[in-house]
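Remarks on the structure that follows.
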Amino acid sequence: MPELPEVETSRRGIEPHLVGATILHAHIRNGRLRWPVSDEIYRLSDTPVLSVQRRAKYLLLELPDGWIIIHLGMSGSLRILSEALPAEKHDHVDLVMSNGKILRYTDPRRFGAWLWTKELEGHNVLAHLGPEPLSDEFNGEYLRQKCAKKKTAIKPWLMDNKLVVGVGNIYASESLFAAGIHPDRLASSLSTEECDLLARVIKAVLLRSIEQGGTTLKDFLQSDGKPGYFAQELQVYGRKGEPCRVCGTPIVATKHAQRATFYCRHCQK
């Protein structure tokens, strides 16, 4: 599933081609996504794009009368096309722009979403979200307070959007490795120093992935059709049985809440 770096990479890639241009029309080939494509999107015509923003794993296209909320789901990606290339099987949505560009949404598993709202505040998919991990609000003290009485393993807790948004399976595993924290540790067992370190490395891992265009394991592509290159730098995720890049111990894979977790028995305590 695309996580924060992949969504932010998409945002940065499409923003220059959309902001200041006008949506001439939307071409919806298959509106049966996780939720049906909103009727308002079908009716878009001569509508300028004012900004392209991101909240958690949602892309937000600001229009004069409302917002398009896009979620990439499990396998979605957005590409900017310079011409109307023939659509393939999983190309479900096109936004045809006044500058000759086309924003094309591809989603093999159709778990994504294209929604419409007049106001962002209070929309059900955006309500009750925790802070952005790259914001000043997310720091060691915040993490310490939230973990203090939490009797659950730290790995699934990091993936809870009420704690912090956008830290999915890949980056939770990678951040815990970078901090030397075992994924089975109770959140409440983390010391002040460990919370400070974990908050810092989460930011560093996410920023590094954004610099590399995100992580492509299967379906994700950047807006120019290229893969994300952070997969080449993964320390533990997807490396079951391979030697730890630090100590040589084979990487272990387990499951937390039906999600794969990867770690090094020697480096993480």
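Glycine residues also receive a Cβ, built from the backbone N, Cα and C atoms like all the rest.
As the structure is a computational prediction, the values presented were derived from the model and not from experiment.
Taken residue by residue with DSSP, Pro2 (active site, schiff-base intermediate with DNA) is part of neither helix nor strand, so it is coil. Summarising the annotation, Swiss-Prot assigns active site, schiff-base intermediate with DNA to Pro2.
Feature annotation from Swiss-Prot assigns active site, proton donor to Glu3 (among others); the stated evidence is sequence analysis. For Glu3 (active site, proton donor), other Cβ atoms within 10 Å of its Cβ number 24.
Less than 8 angstroms from the CB of Lys57 (active site, proton donor) sit Pro2, Glu3, Leu4, Val7, His71, Leu72, Val165, Gly166, Gly168, each of them six or more residues away in the same chain. Per Swiss-Prot, the feature active site, proton donor maps to Lys57 (among others).
Every protein chain considered, the tally of other Cβ atoms within 10 Å of the Cβ of His90 (DNA binding site) stands at 17. Secondary structure at His90 (DNA binding site), as computed by DSSP, is coil. Summarising the annotation, Swiss-Prot assigns DNA binding site to His90, Arg109, Lys150 and lists sequence analysis as the type of evidence.
The DSSP breakdown of the zinc finger (235-269), given as helix, strand and coil counts, is 0 helix, 12 strand, 23 coil. Taken from Swiss-Prot, the feature zinc finger covers 235-269.
Swiss-Prot lists Arg259 (among others) with the feature active site, proton donor, giving sequence analysis as the kind of evidence. If you take the C-beta of Arg259 (active site, proton donor) and look for same-chain residues 6 or more apart in sequence within under 8 angstroms, you find Pro156, Met159, Asn169.
Here Lys150 (DNA binding site) comes close to Trp157, Leu186, Ala187, Ser188: these same-chain residues lie at least six apart in sequence, with C-beta atoms under 8 angstroms from its C-beta. Around the Cβ of Pro2 (active site, schiff-base intermediate with DNA), a 10 Å sphere holds 28 further Cβ atoms from the protein chains shown.
Across the residues annotated as binding DNA (His90, Arg109, Lys150), the widest Cα-Cα separation comes to 41 Å. All protein chains shown were included, and the count of other CB atoms within 10 Å of the CB of Arg109 (DNA binding site) stands at 14. Per-residue pLDDT, averaged along the zinc finger (235-269), amounts to 96 for this model.
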